[in-house]
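Asks: Per TrEMBL, the feature domain 'Radical SAM core' maps to 47-277. Residues or ranges marked as [4Fe-4S] cluster binding site by TrEMBL: C65, C69, C72. According to TrEMBL, the feature [2Fe-2S] cluster binding site maps to C109, C142, C202, R272. Residues or ranges marked as compositional bias 'Low complexity' by TrEMBL: 342-378, 394-410. As annotated by TrEMBL, compositional bias 'Gly residues' applies to 379-393.
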Amino acid sequence: MDLLNTLVDKGLRREPPTRDEALAVLATSDDDVLDVVAAAGRVRRHWFGRRVKLNYLVNLKSGLCPEDCSYCSQRLGSTAGILKYTWLKPEQASQAAAAGLAGGAKRVCLVASGRGPTDRDVARVSDTIKAIKEQNEGVEVCACLGLLSDGQAERLRDAGADAYNHNLNTSEGTYEQITTTHTYADRVDTVRKAHGAGLSACSGLIAGMGESDADLVDVVFALRELDPDSVPVNFLIPFEGTPLAKEWNLTPQRCLRILAMVRFVCPDAEVRIAGGREVHLRTLQPLALHLANSLFLGDYLTSEGQAGKADLEMIADAGFEVEGTGEVTLPPHRVTAGGCGTSPAATSSAGCASSSSTESVSGPGVPAAGEGASDGASAGPGCGPCGGHGGTTGQDAPAVPATRTAPPAADEAGSTGAPKARTDLVAVRRRGAGTDVAPNA
Ligand code: SF4
């Protein structure tokens, strides 16, 4: 297919597809899905070899959020039966993180519900970061605390945070249909603050909320502009008790097309399969490893994931390998001196947003197609199942939660050809952080 050959060539040059080309990937038929995976897989292997980075979520504070993000089980007015608890103590968080690290994760993602942290919260999380780093040499820590005020990103960086996650989630044009208590611009501002403080920016999306192909392309191109190092791709987990509970819009093949599109648009960024992979990709999860080079190990913030052991077996069976703490995640040209995943050899930064159709992709430090990447130091959740946060306290919480006017939802039996609702695959997390039950990492 000419389209795919063109996109592979562009991906190897870090050149973005056109908007029409990105839309065309999403419009390919199920008959072509293996061709799409094979093509995007070439780009993935060129920049990341067969390595899979594992990330581990620790929900520091669960539920009770004043924000109204429609997709979120922790939102204002949610009746989902999730765990609700306030801040874990640093030693509790460190203990939770240790389970994921023992399971093979190299990054810990510290997430807290809420619009954004107070300065006291930042101090609390700083203590947690220090506790984790003291006990786990080489670990990367990403914070995901919502909208940041001036100076907070710098404080987190100084405490040892490597990265900050804040997802755009959906397109600017549809953002207010998903959330009313903060804006798309608020989110962009926080990603920029993280970037500006020298943190490795992590920002992604949620697919399956009733958006159009154009919305998906819009948000992914917007992410490319922001140039995050990591792009978590969430597939909506339609929690009962949230406004999007009936939004069963995804098939496994559609998820693969979305991941392929993200890979073509952000060829050299860490593309992470985030929340919802078990629910929507189901038995096709191994194919997604040919597109994404990163995933979350074990459970999510409020829902259960596949057991960590099953994740590791899947990775090995599919012919991939878990990335070690001694390996740098990002290609050398993306690694900034002093930043997350710093490689001694790296001296420049040309991010996802950088493009150069004339640039050579071969040379020192650039992995050859099909090979593993460079050696060096360590590098860097889409704290994705949450999807992101919004900024202050609950003072301005809305009287009326956001609602979304969505396309027709899938019917339970799938008799209209729409994807089947798989509520049987959605399980509220009852183990790990905030409980006395061991996690599944
Ligand atoms: S996504 Fe974050 S800010 Fe939005 S409702 Fe959930 S916890 Fe609150």
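Just so you know, glycine gets a Cβ as well, placed from its N, Cα and C.
Where the annotation comes from TrEMBL, it is an automatic prediction and has not been curated.
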Asks: Among the binding-site residues C65, C109, C142, which have a Cβ atom lying under 6 Å from any atom of ligand 1?
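Replies: Listed by sequence, the hits are C65.
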Asks: Give me the Cα-Cα distance between C72 ([4Fe-4S] cluster binding site) and C109 ([2Fe-2S] cluster binding site), rounded to a whole Å.
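Replies: C72 ([4Fe-4S] cluster binding site) to C109 ([2Fe-2S] cluster binding site), Cα-Cα distance: 18 Å.
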Asks: Return only the integer: C-alpha distance in Å from C65 ([4Fe-4S] cluster binding site) to R272 ([2Fe-2S] cluster binding site).
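Replies: So the Cα of R272 ([2Fe-2S] cluster binding site) lies 25 Å away from that of C65 ([4Fe-4S] cluster binding site).
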Asks: Find the average pLDDT over the domain 'Radical SAM core' (47-277) in the predicted model and report it.
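Replies: A mean pLDDT of 97 is what the model gives the domain 'Radical SAM core' (47-277).
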Asks: For R272 ([2Fe-2S] cluster binding site), which of the three DSSP-derived states applies: helix, strand, or coil?
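Replies: Its secondary structure by DSSP: strand.
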Asks: If you measure C142 ([2Fe-2S] cluster binding site) to C69 ([4Fe-4S] cluster binding site) at Cα, how many Å is it?
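Replies: C69 ([4Fe-4S] cluster binding site) has its Cα 22 Å from the Cα of C142 ([2Fe-2S] cluster binding site).
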